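**Q** Sequence annotations record features per position, and here TrEMBL assigns domain 'Fibronectin type-III' to 1-58, 64-159, 259-353, 359-454, 460-557, 657-751, 757-817. The feature domain 'Ig-like' is assigned by TrEMBL to 163-252, 561-646. The region 'Disordered' annotation in TrEMBL covers 455-480.
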Amino acid sequence: READRRAWTPVSYTVTRQNATVQGLIEGKAYFFRIAAENLIGMGPFTETTKEIVIRDPITVPDRPEDLEVKAVTKNSVTLTWNPPKYNGGSDITMYVLESRLIGKDKFHKVTKEKMLDRKYTVEGLKEGDTYEYRVSACNIVGQGKPSFCTKPITCKDEIAPPTLDLDFRDKLIVRVGEAFSLTGRYSGKPAPKVTWLKDDIVVKEDDRIKIQTTPTTLCLGVLKSVREDTGKYCVTVENSTGSRKGFCQVNVVDRPSPPVGPVIFDEVYKDHMVVSWKPPLDDGGSEITNYIIEKKDTHKDMWMPVTSATVKTTCKVPKLLEGREYQIRIYAENLYGISDPLISDEMKAKDRFRVPDAPEQPIIKDVTKDSAVVVWNKPYDGGKPITNYIVEKKETMATRWVKATKDPIFPGTKFKVPDLLEGCEYEFRVSAENEIGVGDPSPPSKPIFARDPIAKPSPPVNPEAVDKTKNSVDLSWQPPRHDGNGKIIGYLIEYQKVGDEEWKKANLTADSCPETKYKVTGLTEGLTYKFRVKAVNAAGESDPANVHDPVEVKDRLEPPELILDANMAREQHVKAGDTLRLSAVIKGVPFPKVTWKKEDHEVSPKADIEVTGVGSKLEIRNTVHEDGGMYSLTVENPAGSKTVSVKVVVLDKPGPPRNLKVSDVRSDSCYLTWTEPEDDGGSVITNYVVERKDVASAQWVAISSSSKKRSHMAKYLMEGTQYQFRVAAENQFGRGPYVETLKPIKAIDPLHPPGPPKNLHHVDVDKTEVSLAWNRPDRDGGAEITGYLVEYQEEGADEWTKFQTVPMLDCVVTGL
């Protein structure tokens, strides 16, 4: 019965054991129980429980706490958190016990003395560098439960984390003048990072308008009533000992533009229109100028009239003016954010104010030659319109008519070389300027000049030197004179003098025989020493001589041979059969070396063309064949030494015929072919073999394999009894070589073997000099019809058998015994 009720409720009537399970009870309620025994006679008295029993699960210690985690570590503290056990043992948790163990020690020690129910605890007073592990247990009224799983070993040191930065703004921000803007974001890092704001790489400082707010997790730069100067690239840097992060924002504070820059220039003024120009505003307000608004005003009236509001150029034509009236022009600049204050011009009267250019001053004449002269003048006043052309005229002093020096325009230079003068004639020149209004008056005539070349003797040649020599000659070289005397250099005179003599001898008689800046002096005597000098000659005469610095001893100059190989003389040269082989090299040496070409230390083929020049040699073989391949060598030799180079030439051709073609294992429907590779692969890898067959009665060859890389082939599908010939050719990338054929036809038949022994040999009759024999056919005939039987006899005790005769039948009478 329930403790608070008096009525008993039966549980069971059929219990024969000494125990029973009572079900259907309500958790938390108190009950009394009683039990009586019963036999056939009846039920005995009840026995009751002495005190009430409260229904609840049995109480045990709690399970282990879960999720023990390290939340923070410094050099002297560790902060831990955990979650309650999954099961509290049937009783509320009364406290938690946190324990630690120094790594290297055996025992865990209690960290807290006070009763702790919070699931977070900071262990303080630790020693920097020490390593601990932690565990926590839960307690209820029964006692202390199992400890949690241990943390990983934790070393006491300040925790570090690189900075992070999360910004609320984008890369670009546009703000109107006068509006406020702010750049905000969040950051983190250990140790706590330092936050720095920069604008265009300069640190931002706070003032009445600029405010910087930084909390441990947020950052903010705010600007009140922004001005154009706030435009720039803003950068926030979050930095600690482990690194830094940066965020950027290009802030553009925009406004209407400043006025266009004056003054207003009147480029053109006419009686009915003007052309004005100006300069763009110094400040476009941070946004591109979209257009200019131009207005005009008659100074006698107060009203401004529109001219245009749709130009982006800084020039404008102002039309519909009244001649003689004075006008003012005002100009506004406009962008997306508004219209500037105006730029107002000075007053300008509408009238034609341009005319033709003035006459230039008297021109000066320079650089006169026999057929030309250079006319130089100063630019005159242009009449208000830019000069577009100058007109240069010439005339002979005795003539009356001026003639244009050229039909082409002369501009912008103020000098002109007049061509086509007649040598010896006297000329004068004048110049006129032209603008879009017309041609102005001509200048006064220049002073007269005669058309002739001014000429003087040239200066001496420069830096003469001996550049080469032999046993009877010296090669000289020099540079042209610095001054040609205004006359063409006709040529040079070369002189030489034997050391010790006073007399100079001429190497050439006339200057025009040596127009170049080099000369070979010949006919000298070997072993003597000479001095040399050179003179330049123009129409005015000879220059002073220029001497070769040092005397020169006449003898052969020795230089060992040198070979400069062309690309076709690499270590190995490949050429396709039928193409042309070219081998060449540049050769140096003094005296010029003797040139020898060889192939494999023998003379080269007569079909080779060999050419030797003063600077090199070339070997050429046309229509090359495979035999032209081999090792070619080029030897150059002079008294100072010799040099040899070699090149391996490979003539790439079709391969030769395969070798040792053999047929084996002949059957009635197949045979086996084998061969060996060609002696000559044509300089390229054999790619495959082509195998063909033909019936001896047919003229047509039939391919039976064309892609095999093996050196053997099973020829199948033969007709029994037919005679065949076979042939094989090798192929490489340059084509198919010649075939090799079988020496004699092959007949497709199965191979023959000797027949088996006759069976059951016995005598049928015997006489004193003869025996009648009989036998049966053998089991096997060896693949062919049996043509006869050989009968032999042997006298008993003898070693050898004596042939009697061959018989076609299965019996025989042996006589003569």
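For all residues, glycine too, the Cβ spot is worked out from N, Cα and C.
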**Q** Against which stretches of its own chain does the region 'Disordered' (455-480) lie, if we need a Cβ under 8 Å and a gap of at least six residues from its ends?
**A** 486-487, 489, 492, 494, 496, 517-526, 530, 532-549, 552, 554-557, 590-591
**Q** Return the average pLDDT for the domain 'Fibronectin type-III' (757-817) as a whole number.
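**A** So the average pLDDT across the domain 'Fibronectin type-III' (757-817) works out to 88.
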**Q** Quick check on the domain 'Fibronectin type-III' (657-751): DSSP residue counts for helix, strand, coil, in that order please.
**A** 0 helix, 47 strand, 48 coil
**Q** Can you count helix, strand and coil residues in the domain 'Fibronectin type-III' (64-159) using DSSP?
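**A** Secondary-structure breakdown of the domain 'Fibronectin type-III' (64-159): 0 helix, 43 strand, 53 coil.
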**Q** Tally the residues of the domain 'Fibronectin type-III' (460-557) by DSSP class, grouping H, G and I as helix, E and B as strand, and everything else as coil.
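**A** DSSP composition of the domain 'Fibronectin type-III' (460-557): 3 helix, 44 strand, 51 coil.
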**Q** Tally of helix, strand and coil residues over the domain 'Fibronectin type-III' (1-58) according to DSSP?
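**A** Once the DSSP states are binned, the domain 'Fibronectin type-III' (1-58) shows 0 helix, 16 strand, 42 coil.
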**Q** Work out, from DSSP, the number of helix, strand and coil residues along the domain 'Fibronectin type-III' (359-454).
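**A** Taking each residue of the domain 'Fibronectin type-III' (359-454) in turn, the totals are 0 helix, 34 strand, 62 coil.
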